[in-house]
Amino acid sequence: MKDDAAKEPHVDYGESSAKIWSVYVNATEKYDRALVESWKGDMDGILIFAGLFSAVVTAFLVESSKLFQEDQSTTTTAILAQISLQLSAMSNHSQAPVPPFNANIHPPVPSYALRVNVLWVLSLLLSLLCALCATLIQGWARNYLHAVERHAAPHQRARIRAFLFYGIEQSRVDAIVEGVPLLLHVSLFLFIAGIQQYIAPFNGPVALMVLIVLFIYLAIYAVTSIAPLVILSSAGVAIYICCCEEAEDAYEP
């Protein structure tokens, strides 16, 4: 046994020609490619949905912005009323002064118009933010893969990959990737809430139906988001209890 051990060559894992570098590169290459493809696939879907959704919200905003504009029919009615007063005073030879027409009087903006525009503007901004984050994440993924694969030497590639991947973990890029869909979901809920506020002054039953649908969406979203966490935690507790019971049975005299 001593002779066999003496014949085995000493391996210095710090050498550039050590086999461990190639093993590490081959193992991490598949993982990195799968990770980057997963990020790019998720962000492609986010970009498509955010683009279409932003176009829809913009169209609604164009219409809702008209609520802040002065109603020309109201102004015309006020002018005609002023002319009628003046003609009536002239025909009756009245000495009472006719109040002058004030063209600077503007009707107040309806409160629902403010709520609708605030909700839809926030929805549009969040949707555009999601599109921006998706574009940045795709750029990070391409740059990461390019920086890792541009070195041919396994030892250089392995060290650079370890350094860059550590930076990704410290920057919590995975949390950012998971947070982008959440922002898009919030944007969608704000848009639906804006629709409810927009319809409410004109048609109460339809607005109530939209509100009920919104609460159903929120309930389904909450259940589908929280249920997997509860199930996984329950399964983890059950596995832990089973392992403890097996360990106790194994050490019983």
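Each Cβ is built from the backbone N, Cα and C atoms, and glycine gets one as well.
Remember, TrEMBL labels are computer predictions, not curated facts.
According to TrEMBL, the feature domain 'DUF6535' maps to 21-198.
Look at TrEMBL and you will find 45-62 (among others) tagged as transmembrane segment.
For 118-141 (among others), the entry in TrEMBL reads transmembrane segment.
If you look up TrEMBL, you'll see 182-200 (among others) marked as transmembrane segment. Long-range contacts of the transmembrane segment (182-200) within the same chain: residues 46, 49-50, 53, 56-57, 60, 64, 112, 115-116, 119-120, 122-124, 126-127, 129-130, 133, 206-207, 210-211, 213-214, 217-218, 221, each at least 6 residues beyond the stretch ends and with a Cβ under 8 Å from a Cβ of the stretch.
Using a Cβ-Cβ cut-off under 8 Å and counting only residues 6 or more beyond its ends in the same chain, the transmembrane segment (206-231) has close neighbours at 185, 189, 192-193, 195-197, 199-200. Feature annotation from TrEMBL assigns transmembrane segment to 206-231 (among others).
Same-chain residues lying 6 or more positions outside the transmembrane segment (45-62) and placing a CB less than 8 Å from one of its CB atoms are 117, 120-121, 123-124, 127-128, 130-131, 134-135, 180-181, 184, 187-188, 191, 194-195, 198.
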